[in-house]
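Only one structure is covered here, and it is reproduced in the block below.
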Number of protein chains: 2
Amino acid sequence: MKDTVPTITTGALPASRKLYVTGDTHDIRVPMREIVVTDEAPLTVYDSSGPYTDPAAEIDIASGLPETRGGWLQARGDVEEYEGREITDADNGFASGARLTPAFPVRRAPLRATGDRAVTQLAYARAGIVTPEMEFVAIRENEGRTEAYLRDGEAFGAELPDLVTPEFVRQEIAEGRAIIPANINHRELEPMIIGRNFKVKINANIGNSAVTSSMEEEVEKMVWAIRWGGDTVMDLSTGRNIHNIRDWIIRNSPVPIGTVPLYQALEKVNGIAEDLSWEVFRDTLIEQAEQGVDYFTIHAGVRLHMIPMTAKRVTGIVSRGGSIMAKWCLHHHRESFLYEHFDEICDICRRYDVSFSLGDGLRPGCISDANDEAQFAELHTLGELTKIAWAKDCQVMIEGPGHVPMHKIKANMEEQLKHCHEAPFYTLGPLTTDIAPGYDHITSAIGAAMIGWFGTAMLCYVTPKEHLGLPDRDDVKTGVITYKLAAHAADLAKGHPGAQRRDDALSRARFEFRWEDQFNLGLDPDTAREMHDETMPKEAHKVAHFCSMCGPKFCSMRISHDIRAAAEQREGMDAMAEKFRERGALYVPAGEEPAQ
Amino acid sequence: MKDTVPTITTGALPASRKLYVTGDTHDIRVPMREIVVTDEAPLTVYDSSGPYTDPAAEIDIASGLPETRGGWLQARGDVEEYEGREITDADNGFASGARLTPAFPVRRAPLRATGDRAVTQLAYARAGIVTPEMEFVAIRENEGRTEAYLRDGEAFGAELPDLVTPEFVRQEIAEGRAIIPANINHRELEPMIIGRNFKVKINANIGNSAVTSSMEEEVEKMVWAIRWGGDTVMDLSTGRNIHNIRDWIIRNSPVPIGTVPLYQALEKVNGIAEDLSWEVFRDTLIEQAEQGVDYFTIHAGVRLHMIPMTAKRVTGIVSRGGSIMAKWCLHHHRESFLYEHFDEICDICRRYDVSFSLGDGLRPGCISDANDEAQFAELHTLGELTKIAWAKDCQVMIEGPGHVPMHKIKANMEEQLKHCHEAPFYTLGPLTTDIAPGYDHITSAIGAAMIGWFGTAMLCYVTPKEHLGLPDRDDVKTGVITYKLAAHAADLAKGHPGAQRRDDALSRARFEFRWEDQFNLGLDPDTAREMHDETMPKEAHKVAHFCSMCGPKFCSMRISHDIRAAAEQREGMDAMAEKFRERGALYVPAGEEPAQ
């Protein structure tokens, strides 16, 4: 029997408290984080961390999070409970006995749309309905602002409003420019929006360990990733127990959960790609839709005729899903069942509101393969599939690369906007060089910040272990913080009307030697504090008007304060001197103006 | 008595050996690093690490490195030995007894130009002379290539030749577009070049510790920084022993050493900025020029009328040198002695060939202050000073920011090119957001990669401890590797004709599961190997045709190999099918072409 000591990280971030902003129209409570700052108004920031950072929340992962959305769904009156698909041994990779992760204790009947209705946010938006989800994300995006803080930046055609209104959200969704991934069976969700005219978001990937993991461990991976800022989490688990683990994760997740259903389908056919079939895949989609997965990566853009285009590449096909489908296509010498049955996939997704993340199975895996024929051929197909999905009222985002040198990044965004009709772009990095294994969170943060600036709506994180091994807890945190800073740099450069508030608050703290505020306003207060304490551990140093780098004599900030005082005095003197010169000139006889 | 156990890191990097390429014209041996690769030709890469990575070199820091340049200088016949300035107690901050770092054991008479000659690389270049230094850097830049590997990228007006010739180097220096920082008293130097039409370089800062450091420790900081790729090192030491420590560093440094002479001058007046004078400063310049400092940061662009422009900034003046000079200017209410005596500073520098790094004393210290009036006013003055220095045959580069959001980075490069007449730009980052203390190597690597792409010639590194504390050994390495990858990303995007060789070699290794090659071709083989071993420690796994991330079933690269084989077969089939269709069409009766 496994020890069930809870390992879930809870508690507020330093100097932070949870706020809930209520809706004007709907019964919603939108979570935000307020950072307390010395001698200034507190700073309210976006909060992806869910109830785990609310000291008032009772966390019991065996019960799951409160089903906040239950009432909203019921009120719409377009869904029905039903018995649901029977869970089979295959769903958990035939794990049994001690190796079987226990099922989530609360068994709940799944919901689906009545009839062949679309219960998607896109369908509602097109019908002119502002859902609670839409109002929720509108309030959330404004981070407590009531006006624009600054209008600056170059947005490359993105149009960020001063304040996001529920109606603006509705329009963006109706136009396909944004999605709210929100499966009707994920009632624990705190909705969030992915789109070019909103804050840039980040995704963190998690997956089960090779050794049997406890449910706590798996849930904790998600909790840890969102604590530091993960806006969505993809569960990329393979092998045993993935059904049960996914249940534990979704029931405890306030953020959208994405998956690649192909991974589980492949497990069901014992890892033989050729044995995959539409029937097995369809069964897996329904299984996961009933559990509440919010978005599916579907590699339907990998078409038979594109596969030879990858033969001359340096690194071939590097997407797992892409390579599995390519192998299937070649073996059967036909188009994939994903492509051929795409409309049926849409029919499933619209009944649960599972959003599409159309996978880039042919993304480049190295600098040399960037922006090649295969990559863009697939992108064009993803654009065609987008139209099919939209015709079925399904929400869509498009996955993008990968490995791309800086000068080829912009073309990716432009091609995507053009061929995918402004559906949100969701990229993995891109990595801007291949030569730094161990530092690929950084090689990719460069590309991520740039493509985010150009218009990518969500950035999939890369950890330091990319290409080398499985990320541990520290790697996940490093990846999340790195991507948060890249997304924020993108928001700043786009001219997001609220982004610079936090930079300015932190910089004021820095200039005024408010060390604690400087730590607390940063993305990772704990690490900042630890690093400071390594050199200047004493409490007294936290109020020191200098720091360990330069010491008091060389402290530019301290000297700047002196200068500011002196300059203000001088400004008065200069103004007087100027007046004197003006008056002097007035008394110079005509024709005798002084030389310059 | 201090224990003098040597702490200097020596030995080759993994799978690497030292090569020396000899000159065609001059008696020079240009060091390179050859990385051995399985089943491929070895890859020759740029090598900044000096004799420390040459197992054949005998390292004795009390003797210093061989004076490679001695013969070159003698052959030019334009320098003279002289007694040199007397070393005073003030030079070492009045350290004495056990607190005094011993003087470097070998006392050598300094060199200076005879008469009022300019012995600078710029003077030679203008006179049409190709010096050994110029041939050295030409060979070095080509990294063993005999032709361009690839021509790709967007260079924004930079013109990188397929191969660098000594004559090209001469022209670039003559035009002021590049510098070779090479004080005639730094005879141990392996010359390197800084310019927009060459590989992007990086600088690492080091400085003495507050506690008394041993000479070995100080030398090791430099050795460690260049081992991982530092192209130049700035010694930013303050306080006691800085003269003696600098001697130890320069005598053992194969890379150019830069300093901010103002720091030492301030020590000589007990840290009272107002007490600084031209005489103290001049004395310090000569002291350091005689020691062999290769470039001086001089904050001569901070002018009196600009100081009030910083009064409304969020973070005022953040440059140490800039704030010290601003304080001096305000106190005396006059232009700084740096500005007023700039031509005399040039007269000193030309006699030793100390290059200028014209300091950006008014660089922005936060996002809010980026690209403001003060910053650009100073930049324009730096352009004026560049012309004065050039008139005196002095080599010049220009320092740049700092903190700049992505959308304002390009303007920095454009303003610099325009107003500083294409003198090389040398920037600190820039940091693209203020909100990630603890991760500022990353916030700044984003800006550094971008501005390097746009044309910045050298990037000053930022470590994770920026704003928080003094970097330790790990931080220095992290900073150097991060900046190497940013510089390389810039080279790739500029279309450097050799840059992608390494990406491609590493990616081929990745695709072919040559794990050891993948580690060894990376910027930090040790970290890559450690990370891999954390998940898959066994030796057998290093030849595994899959890795720990996905396992064999989900290995896209493994599947890609199958696909490649199948696709090649298929291609043959397709070609035949195509032929058949063509032939078929030939036999279709006219007017009965088959439908599409």
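Even glycines carry a Cβ here, placed using N, Cα and C.
These figures come from a predicted structure and were not determined experimentally.
Sequence annotations record features per position, and here TrEMBL assigns substrate binding site to B:ASN205, B:MET234, B:TYR263, B:HIS299, B:SER319, B:ARG320, B:GLY321, B:ASP360, B:GLY361, B:LEU362, B:ARG363, B:GLU399, B:TYR426. The Zn(2+) binding site annotation in TrEMBL covers B:HIS403, B:HIS467. If you look up TrEMBL, you'll see B:CYS547, B:CYS550, B:CYS555 marked as [4Fe-4S] cluster binding site. The domain 'ThiC-associated' annotation in TrEMBL covers B:13-80.
Where TrEMBL records a feature, it is marked here on the structure.
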residue: B:ASN205; record: substrate binding site; DSSP (3 states): strand
residue: B:TYR263; record: substrate binding site; DSSP (3 states): helix
residue: B:SER319; record: substrate binding site; DSSP (3 states): coil
residue: B:GLY361; record: substrate binding site; DSSP (3 states): coil
residue: B:HIS403; record: Zn(2+) binding site; DSSP (3 states): strand
residue: B:TYR426; record: substrate binding site; DSSP (3 states): strand
residue: B:HIS467; record: Zn(2+) binding site; DSSP (3 states): coil
residue: B:CYS555; record: [4Fe-4S] cluster binding site; DSSP (3 states): coil
In sequence order, the binding-site residues (B:ASN205, B:SER319, B:GLY321, B:ARG363) whose C-alpha falls within 10 A of B:HIS403 (Zn(2+) binding site): B:ARG363
What span in Å does the substrate site cover, taken as the longest CA to CA distance among B:ASN205, B:MET234, B:TYR263, B:HIS299, B:SER319, B:ARG320, B:GLY321, B:ASP360, B:GLY361, B:LEU362, B:ARG363, B:GLU399, B:TYR426? 20
Of B:ASN205, B:ARG363, B:TYR426, B:HIS467, the binding-site residues whose C-beta sits under 8 angstroms from some chain A C-beta are B:HIS467
Would you mind checking how many other C-beta atoms are within 10 angstroms of the C-beta on B:SER319 (substrate binding site)? 27
What does DSSP give as the helix, strand and coil breakdown of the domain 'ThiC-associated' (B:13-80)? 11 helix, 19 strand, 38 coil
Within a 10 Å radius of its Cβ, which of these binding-site residues (B:TYR263, B:TYR426) has the fewest neighbouring Cβ atoms? B:TYR263
Starting from each candidate's C-beta and looking 10 angstroms out, tell me which of the binding-site residues B:GLY321, B:GLY361, B:HIS467 has the most other C-beta atoms. B:GLY361
Listed in sequence order, residues with CB under 8 A of B:ARG363 (substrate binding site) and six or more positions away: B:VAL318, B:SER319, B:GLY322, B:GLN375, B:GLU399, B:GLY400, B:PRO401, B:GLY402, B:LEU428
Around B:CYS555 ([4Fe-4S] cluster binding site), how many other C-beta atoms are within 10 angstroms of its C-beta? 19
Alpha-carbon spacing, B:ASN205 (substrate binding site) to B:HIS467 (Zn(2+) binding site), which is rounded to whole Å: 14
Looking at the domain 'ThiC-associated' (B:13-80) alone, can you tell me the average pLDDT? 97
For B:ASN205 (substrate binding site), list the number of other Cβ atoms lying within 10 Å of its Cβ atom. 21
